[in-house]
Amino acid sequence: MKGKKYEGLLYITPWLIGLVVFTAFPFFASLFFSFTDYNLMSSPNFVGIDNYKTMFQTELFWKSFGITMSYVFITVPMKLAFALFIAYILNFKLKAVNFFRTAYYMPSILGGSVAVAVLWRFLFADTGLVNMILALFGVDSISWLGNPDYAIFTISLLRVWQFGSPMVIFLAALKNVPESLYEAARIDGASKVKTFIRVTLPMITPVLFFNFIMQLVQAFQEFNGPYIITGGGPLNSTYLFPLYIYDNAFRYFRMGYSSALSWFLFVVIMVFTLLAFKSEKHWVHYTEVE
Amino acid sequence: MNEQDRKKLIAENDLRLRKRLARRNGINSGLRYFVLTFVGLLMLYPLIWLLGASFKSNAEIFTSIGFLPSSFDFSGYVNGWKTSTEYTFTTYFINTFKIVIPKVIVTVISVTLTAYGFARFKIPGKKFLFSILIATLLLPNLVLRIPQYIMFNSFNWLDSYKPLIVPSAFAVDAFFVFMVIQFMRGIPKDLEEAATIDGCNSIQVLTKILMPILKPALISVALFQFMWTMNDFLGPLIYISSVRKYPVSIALKMSMDASALVHWNQVIALSVIALVPSLVVFFLAQRHFVDGITSSGIKG
């Protein structure tokens, strides 16, 4: 029985090793590299905060950062709104809920694949399916991927299309809202909209919060979509920050500079996450249900 | 009397309200089905169109909205499979499975062991370790990519599948660990205690008692890891440099770059093929996906 205390430790040893070798060490190493001029060829020299200085003076850095911010703040709210809207409808006791849930969930499963990014290129090509459909309604063809003003929106749509996983989570939360609360609202004569805002929404804020954080962290790291569909163009209009990091790290092998870039992005993500956690107490209600 | 009147009035009012609500519900549920079907079609039509387009001729792809091709043309599949490289898609598929299969296996094993340790044992500093586990759940992977690359470079692991598989043997996917821990916490300990009294050691308790109960959670882990690894693009893009070792995701991007201007139907046919394994797995096990994502403790 004396070995019992260390038995548990034994079971988590693989994880502990992984944590140190593949997470903690790289985490601090990248902070270290961000203060060097490491380029894989010669050993790293300490350059102080030069990388950060260069970064803030580079036009492309600001451009890429700006695009990333607009991408995140287009994608995340749209995706969550869709997810919640469809989950809300699915939560009425409809027949064929499982069928619809599966159908809506499918894009999230396939969405990360290169094949779907390829599909997006065809859908939104100048003579692609979307423009063909619009033409039926007499709308002039839109250059979805060629126009710098629209391209980021088109990329965004790819991720909004995959609202399945937050939707499934919303649906589970909606099912947990006690029927008695709706009953009470109904007796008070509250309208559907009012019931939704006053009863449903407050009850699911913890899940809304969770989904928001997860989607936020994910959106800041978006790479596949722009890399495959537009390659960052036209005119760098979809050159999201991860692409900027990728180019510097794995095309130019500027490991020091790209480490500084990734630390910058890391800090930005952390700031937004912390802001969300700070704001939590103002709008997230944790209610014990029964 | 006054009181009675008021009650009657309230009751009548209530009845009227209910009737109106019922009528409105009828219209509403029709509207709901309409919205669900319309949005659903809008979402799934691109995938359906992709399937149809893979049998169309190049000229037809950009001129017809319909799903059905005017005549079935298999040349996209035949020529696409051959690729413009010296390897066929057979090679790329085999490569993908050389990554996916070992990765899924080591993930399930390492995740189970770690979750077991966390959920069932007293460990010094457990609270702290658990909060680190949660923190890694939120840690953007991006910040680790570069030093990991430098590290794997110094291990001489570049251009092999090791960087893609080995970390998973050490339960680096915190999401899965968390999911299985949550699942284990929901299982009563009685059976395990009885087994311990009967002389089972902790490994036997895990394999004989817990694993059968854990099966649904472990299937979810395996399925998610399968999908994510099939879809992974950035990993192989960074680590694999010889064409001979490319997985499907990279090969598909390559064939898109090579032939996007001419052989659209090949690229589309290959996209369809690339989606097949994921689709098959999804339809065979879709219940597990939904269960997995909802049972990860993410409940209101």
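Cβ atoms here come from the backbone N, Cα and C positions, even for glycine.
What TrEMBL says about a protein is an automatic prediction, not a curated fact.
These come from TrEMBL:
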DOMAIN    A:65-276  domain 'ABC transmembrane type-1'
TRANSMEM  A:12-35  transmembrane segment
TRANSMEM  A:65-90  transmembrane segment
TRANSMEM  A:102-123  transmembrane segment
TRANSMEM  A:150-174  transmembrane segment
TRANSMEM  A:195-214  transmembrane segment
TRANSMEM  A:226-245  transmembrane segment
TRANSMEM  A:257-277  transmembrane segment
If one takes Cβ-Cβ under 8 Å and requires six or more residues beyond its ends, the residues near the transmembrane segment (A:257-277) are 30-31, 33-35, 37-38, 51-52, 54-55, 61, 68, 209, 212-213, 216-217, 220, 241-242, 244-245, 248-249
Note: vs the transmembrane segment (A:102-123), the recorded stretch with the largest number of Cβ pairs under 8 Å from A:12-35, A:65-90, A:150-174, A:226-245 is A:150-174
Given the transmembrane segment (A:65-90), its same-chain partners at Cβ distance under 8 Å and 6+ residues beyond its ends are 97, 100-101, 104, 152-153, 155-156, 159-160, 162-164, 166-168, 170-171, 174, 196, 200, 208, 211-212, 215-216, 219-220, 222, 236-241, 265
